[in-house]
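These notes concern the structure reproduced below.
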Amino acid sequence: MIDPKLLRNDLPMVVAALARRGFDFPEAEYQKLEDLRKASQVKSETLQAERNKLSQQIGKAKSKGEDCADLMAQAAQLESEQAAVEASFNETQKQLDTLLSSVPNLPDDSVPTGKDENDNPEIRRWGTPRTFDFTPKEHADLMQIGLDFTNGVKLAGARFTVLRGALSRLHRAIAQFMLDTHTEEHGYQEMSVPYLVNPQTIYGTGQLPKFEQDLFKTRLSDRDFYLIPTAEVSLTNLVAQEILEESVLPLQFVAHTPCFRSEAGSAGRDVRGMIRQHQFDKVELVHITTPEDSHAALERLTAHAERILQKLELPYRVILLCTGDMGFAARKTYDLEVWLPGQGKYREISSCSNCWDFQARRMQARFRAEGEKRPQLVHTLNGSGLAVGRTLVAILENYQQADGNILIPKALQPYMNGLDRITPSA
């Protein structure tokens with residue numbers, strides 16, 4: 001959530017920054033509610049001052065043995081009036097919070113203005129795409145090595161996949177390799193987190209209320225739960241309602257979880273294969289840090305995700321998302337796009353975002369700087385390190401051979417009991 005003080009102190013700047021994202025801030029509605037909030041606050045403070053004055057008068061009258069019935073009646077009337085004003089204040093504040101909960105984060109000054117993915121500048125590339133002496137296939141056409149879309153549809157429906165045999169083991173190996181790299185080389189703390197979370201948790205990272213249609217929801221007795229669309233939700237909320245000491249920062253969490261997305265609005269996109277699934281595995285990275293460190297933390301986080309692709313020898317590029325392509329909670333985002341020779345193009349495999357204090361304000365996640373009494377909001381960052389299914393897709397397409405075999409990257413062979421290739425079944 002955007003800082004309310006920033007809205008009150010520099011509304012034109014906020015409106016202009018949001019306009020860069022293509023977001024039309026409801027300025028008139030906001031100003032009306034803000035004026036009501038201020039008026040209620042001033043009225044409540046005035047009534048409280050009058051009550052305090054009457055309280056002193058009542059105390060003096062009682063000490064002198066004087067009749068104070070009239071004063072007490074006035075005090076009761078003021079208390080009733082103040083309660084009504086405070087109820088009005090709370091209702092107005094609730095309406096303000098509802099309005100602001102659907103307003104996206106402000107873009108960082110370094111983020112280029114743009115409309116969509118066509119306006120995203122490329123920052124760098126790594127690796128050279130392989131030259132094939134045959135026409136490489138898309139992964140969806142490599143079904144004989146263990147991709148079973150038919151049973152995915154039978155068991156659940158469209159956008160679900162069954163993996164068989166060595167391919168299923170490779171999928172598991174990829175996740176284990178990612179976890180080992182991030183914990184042993186990059187210093188992350190591995191976490192095992194719930195896949196079902198309550199509404200407050202998923203509100204904290206910004207999925208509610210604006211993106212409820214993208215979520216899977218279930219109910220137990222009178223309690224609502226949401227299936228996580230990413231482990232970012234669970235990992236980031238570990239610090240919700242907490243006041244951390246600066247000495248423990250930065251925190252770096254990693255988790256391997258399934259993720260669940262309805263893919264609302266994706267009809268007709270990536271209908272073949274594993275690129276866009278309702279259920280997929282991902283290794284997620286989360287940083288909790290100080291405002292002073294968050295810019296550098298985004299570069300570190302992105303480098304950690306890149307390291308996985310480098311160790312797997314998969315060509316990729318880094319893209320800086322423009323204002324029109326960023327996620328709701330992000331202030332700045334880098335996308336990693338891996339080369340898929342079967343498709344003949346780069347495809348997203350990771351998004352690494354700095355959310356500044358946007359999520360922290362919703363979660364009330366704070367830290368206390370050394371020597372300071374008053375806590376301040378942490379900064380939160382998240383990124384895929386990486387999407388497991390899309391990494392599998394990239395391996396299938398980049399390591400395919402003319403005879404139908406899929407070579408296993410050297411970095412993954414220790415996780416495959418020395419197996420160096422997957423051979424297609426008859």
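Cβ from N, Cα, C; glycine included.
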Report summary line: L-serine binding in Swiss-Prot involves Thr230, Ala231, Glu232, Glu284; of Ser110, Ser351, Ser384, the partner in that site is Ser384
**Report entry** Chain residues in Cβ proximity to the compositional bias 'Basic and acidic residues' (114-125) (below 8 Å; excluding those fewer than six residues from its ends, i.e. six or more beyond)
**Finding:** 22, 315-325, 334-335
Report task. Please compare the binding-site residues Thr230, Ser262, Ser350, Ser351 by how many other CB atoms fall within 10 Å of each one's CB, and tell me which has the fewest. Result -> Ser262
**Report entry** Which of Glu232, Glu348, all binding-site residues, has a Cβ with the fewest other Cβ atoms inside 10 Å
**Finding:** Glu348
Report task. Would you mind pulling the longest C-alpha to C-alpha span across Arg261, Ser262, Glu263, Glu348, Ile349, Ser350, Ser351, which the record has binding ATP, in angstrom? Result -> 19
Report task. For Ser351 (ATP binding site), find which of the binding-site residues Thr230, Ala231, Glu232, Ser384 come within 10 Å, Cα to Cα. Result -> Ser384
Report task. Determine, using Cα-Cα distances only, which of these binding-site residues is closest to Thr230 (L-serine binding site): Arg261, Ser262, Glu263, Glu348, Ile349. Result -> Arg261
Report summary line: In whole Å, the longest Cα-Cα distance within the recorded L-serine binders Thr230, Ala231, Glu232, Glu284, Ser384 is 9
